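S.K.: What Swiss-Prot lists as transmembrane segment is 48-68, 117-137, 148-168, 181-201, 216-236, 240-260, 304-324, 343-363, 377-399, 403-425, 439-459, 469-489, and the listing cites sequence analysis.
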Amino acid sequence: MRYEELDEACRSLEHLASDAEAEGEDAPLIPDPPGAVSPPTSLSGKAVLQVILLCASATLTLDIGLTVVRAPKIRLFESILCQAYYRTHGNPLPVPMQNIPESQCKTKEIQSGVARLIGWQTVFDGIPAIFLAIPYGALSDSKGRRPVLLLCFLGLALSTAWALLVCWMQWPLELTWISSLFQCLGGGPAVATAVLEATIADVVPDDKRSTIYFQLQATVLISDILANPLSSVLMAHNAWTPCFLGVGIQALATVLLIALPETLDFAKGSRPSDASIYGCKEEEPTLRGCLAKNFRSIVSDRNVAGLVFSLLILTVSAESLDFLLQYVSQRYGWSIAQSAMLLSLRAVVEFGLLLVVGSLLLFTQSSGLRNPRQRDLLIARLSLGLIVAGLLILSLSPTVAPAILVYTLGAGFQPAIMSLLASLWKASNPSNLGSLYSTVAIILAVGGVISGPLISLMYRIGLSLGHGWVGLPYFVASGLCAGIAGVLLSVKLPEQEQKPRRRET
């Protein structure tokens, strides 16, 4: 069944390519929304397809490399802290670090130490994006998307390699936090995501963008479907094997980006001649001035501001899920390898969901039943409700499967929000889409810097209280997401866009 779904997704991409080739021959039956900016019609359909497939392939490869390393790295943290804990308490374990039984490492002191490492790593990982997202966004708007993506991918690979080197040498685990310095190359995952989304927005029209975002997110989920079982199998032999494999795969992802066409030239046809590389006039060329201008542009549009602020839900939910392997292992008595398999099952459900939703988007697009912006807003609101419910159930449920299922059903939130945000922004700011996404990356990084230590603290408090209190971080995350949800509910599209439109026959 999985191969049939992938084949269907590929046919959808081919359909997009044929549509792009035909744009110059047939006028659209429905005009674009007022002020909307579409990519130049001179861009061939094959080039569009090449950009989409290479973005998906490179991102998928990178995510596989990162995912393969995730579970064994936590296991290495546990083993090192476990060995130090028993040695400190006068009862050193008579086995090498890699052979320490996992059951010996579930004390609250050891688990609190692991949570502290993860929580503060989130803080340090967010700092490069906060200070470098705008400069790299400006670079992507002037020199191109591909150079920035190459730096991002290289920085992430080096960051992973440093953390594993610290574990291999058995240096103090706090030195793993230095891995964030390598993310100054490119700005880290937040900037990589922003530039990838800007790359897609360069070449994909407004009415097709959310469909492609859904299909790309579904494709990337293959990393969880494939990498977690692979990691679990390899961990049964040795925790180091999947770690070395993961670094190699991340390096391969960086090499794949060399073949990515530069999309900035395709988008320049829609740029006003008096705009500078990141939407700032010549009299306001400084980084501070450009950052202030981007924030003013966001705040001046109530809808854009509401969408950007609602993206903080992603940081809260993502940081809480960073503890999922540790949480499931601690609360439900699973091994780290078994917990990683649970993430694969979650990815299978999310993969199917995104393909189904993507197919529905293609149907509404072809039938003209719903305006793309109204459709994206509806999907975002429904997905948000499922995220809040899933986190709440995860904090209270005696079994993990129902909570993961409900949470996963909210997977459409990010692609719907980003598609709607790009559409609204390009209607009035066509010249600096990369800087918009970079500004969003800064906001998300700040959210991660705040929510990461908060979720870590809640988890450690839950561990100290014992029993059902270990679910405290997910209860808090659910409440925070519910509060942010009110902002998304306040977003109102212009009156003329709220009426569904049909194609004339």
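A Cβ is built for glycine as well, from the same backbone N, Cα and C atoms used for every other residue.
Note that the structure is a prediction, hence the values are computed from the model and not measured.
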S.K.: Can you work out which residues elsewhere in the same chain, 6+ from the ends of the transmembrane segment (304-324), have a Cβ less than 8 Å from its Cβ atoms?
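M.R.: Distant Cβ neighbours of the transmembrane segment (304-324) are 115, 118, 122, 297-298, 339, 342-343, 380, 384, 387, 391, 407, 413-414, 417, 420-421, 424-425, 439-440, 443-444, 447-448, 450-452, 454-456, 459, 473-474, 477, 480-481, 484-485, 487-488, 490-491.
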S.K.: Under a criterion of three or more Cβ pairs within a distance under 8 Å and sequence separation of at least 6, are the transmembrane segment (377-399) and the transmembrane segment (469-489) in contact?
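M.R.: Yes, the stretches contact each other.
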S.K.: Sort out the residues at least 6 away from either end of the transmembrane segment (439-459), same chain, that have Cβ-Cβ distances under 8 Å to it, and list them.
M.R.: 115-116, 118-123, 125-127, 129-130, 133-134, 137, 187-188, 190-191, 193-194, 291, 294-295, 298, 308-309, 311-312, 314-316, 318-320, 322-323, 326-327, 421, 470, 472-473, 476-477, 480
S.K.: Give the nonlocal contacts of the transmembrane segment (181-201) in its own chain as ranges (CB under 8 Å, at least six residues past its ends).
M.R.: 51-52, 55, 59, 125-126, 128-129, 132-133, 136-137, 140, 145, 148-156, 158-159, 162, 209, 212-213, 216, 260, 263, 418, 422, 426, 433-434, 437-438, 440-442, 444-445, 448
S.K.: Which bits of the chain, at least 6 residues beyond where the transmembrane segment (240-260) starts or stops, bring a Cβ under 8 A of a Cβ in it?
M.R.: 51, 54-55, 57-59, 61-62, 64-69, 71-73, 76, 98, 145-146, 149-150, 153-154, 156-157, 160-161, 164, 168, 199, 230-231, 234
S.K.: Six or more residues beyond either end and a Cβ under 8 Å away: which residues meet both conditions relative to the transmembrane segment (48-68)?
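M.R.: For the transmembrane segment (48-68), the list is 13-14, 16-17, 20, 149, 153, 156-157, 160, 196, 199-200, 202-204, 212, 216, 219-220, 222-224, 226-228, 230-231, 234, 242-243, 245-254, 256-257, 259-261, 263.
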